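As written in Swiss-Prot, here are the features:
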type: ACT_SITE; residues: CYS420; note: active site, nucleophile
type: BINDING; residues: GLN295, TYR324, GLU345, ASP393; note: S-adenosyl-L-methionine binding site
type: DOMAIN; residues: 13-71; note: domain 'TRAM'
Amino acid sequence: MMRSSTLKLRNKMLKVSDIIQIKIDKIVFGGEGLGYYNGFAVFVPMSIPEDELEIEIISIKKTYARGLIKNIIKASPERIDNHKFTFEDFYGCDFAMLKYESQLKYKRFMVEEVIRKIAGLSDIEISDVLASEDIYNYRNKIIEPFSVYANKIITGFFKRKSHEVFEVDENILNSKLGNKIIKELKEILNKNKISVYDENTHKGILRNIMIRTNSNNEAMVVLIINSNKITENIKKLLFKLRENIEEIKSIYISLNSKKTNTVIGEKNILIYGEKSIKENINRIEFHISPTSFFQINVKQAKRLYDIAISFFDNIDNKYIVDAYSGTGTIGMIIAKKAKKVYAIEIVKSASEDGEKTAKENGIENIEFINGAVEKELVKLVNNNQKIDTIIFDPPRKGLETSIIDKVAELNLKEVVYISCNPSTFARDVKLFSEKGYVLKKLQAVDMFPQTSHIECVGLIERKI
């Protein structure tokens, strides 16, 4: 009771818009720094342990507050070159102020924390995070909204909890070719004074630009506009863009005239070049269209897949389910050794892309099943289809409990779990443990340098 009263008292001492000084003690899961002001917890994005900061309080809750950096009084030695970068300098890249070795250190700490607290495993050994070969310019897909600033067309990112665009001249994560194309496109659009979409009035043409690139330094351009039809003027400007940048192999115009935050329209019209660009992973050629799901950091994705497959005891001639398969990337790699792969994916276009890729690569022992994993897995079992093991790669929300129940019911010896959210991964590990399974191996993989995001690959085995 006394602690609660003390917290309330300290809480009342702070007000929104207060400017205070604080020293950061640690980085918590999610990537924000944590410090204490008169014993009251304050979370600060883009801050690092040993930073001494002047911050502005932006929100206050019962047990904590949040603030943004106004000034760095003394920079942590882990800041890049000790420069005093603040939140706005690397908007959208919440670890970019950290030296890369420190990014890896804190990502490991975050994984250890959730495994210890949520999964309840205090003694599991977590090896060093697998570093990315490319720590800048690794993204093969970028989407930026258009806006207007000082009578000039700009692109960038939405500011935190707002639809105001923060201008980015050169995105440090985007491929160099992607940055080059966006810069050239903005110059062309500004010369021709094309109107920009205003979500309040629902008027204006330009909504978003999407660039997809591949390892061969080829690009697909998708211009999203607020219209039900293509104008000749817009087409001419995009053809001009292609004349200036020969690496562009495909151009689409996406028609999106709805009052929505969804980026891509329902109608994507090819106006130049190929329907897709191609990417090669493990000697399998994948087609990438405007709506295709594909790993953002291809070099690191190859390494992640190799780790996941190596975790299996033996996949030769086995019947394997690739659950949440997307376009079936890892399923097709596994199919080279396995007897049969069932690739289950709820997004129909992803399943269709996978079927096309498998056919073009002569992979006949993979079957794409369009539907929810929890339902389709039951159907496979009810149809007496043999299942030796499963590889999971679910969305951030993790697995449905019914899926974990089904794994236990099948008495599978092992499953491999790829996760983009260590918190839900840890939760599911605990649920598996209640069904007689144990987390045997765990490898964290840095798919997204300069951000706090971290992926994990785990081997979950049935207890003997």
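Cβ atoms here come from the backbone N, Cα and C positions, even for glycine.
Overlay of Swiss-Prot annotations on the structure.
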residue	record	Cβ contacts under 8 Å, 6 or more apart
GLN295	S-adenosyl-L-methionine binding site	ALA301, THR329, MET447
TYR324	S-adenosyl-L-methionine binding site	ILE344, GLU345, ILE346, VAL373, PHE392, ASP393, PRO394, PRO395
CYS420	active site, nucleophile	PRO395, ARG396, MET447, HIS453, GLU455
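Least packed by the Cβ count within 10 Å, out of the binding-site residues GLU345, ASP393, is ASP393.
Max Cα-Cα distance over the annotated S-adenosyl-L-methionine binders (GLN295, TYR324, GLU345, ASP393) is 15 Å. When the domain 'TRAM' (13-71) is classified with DSSP, helix, strand and coil residues number 1 helix, 36 strand, 22 coil. Close to the recorded S-adenosyl-L-methionine site, the chain also has PHE293, ASP322, SER325, GLY326, THR327, THR329, ILE330, PRO394, ILE418: residues not among GLN295, TYR324, GLU345, ASP393 whose Cβ is within 8 Å of the site's Cβ mean position. Confidence for the domain 'TRAM' (13-71), expressed as mean pLDDT, is 95.
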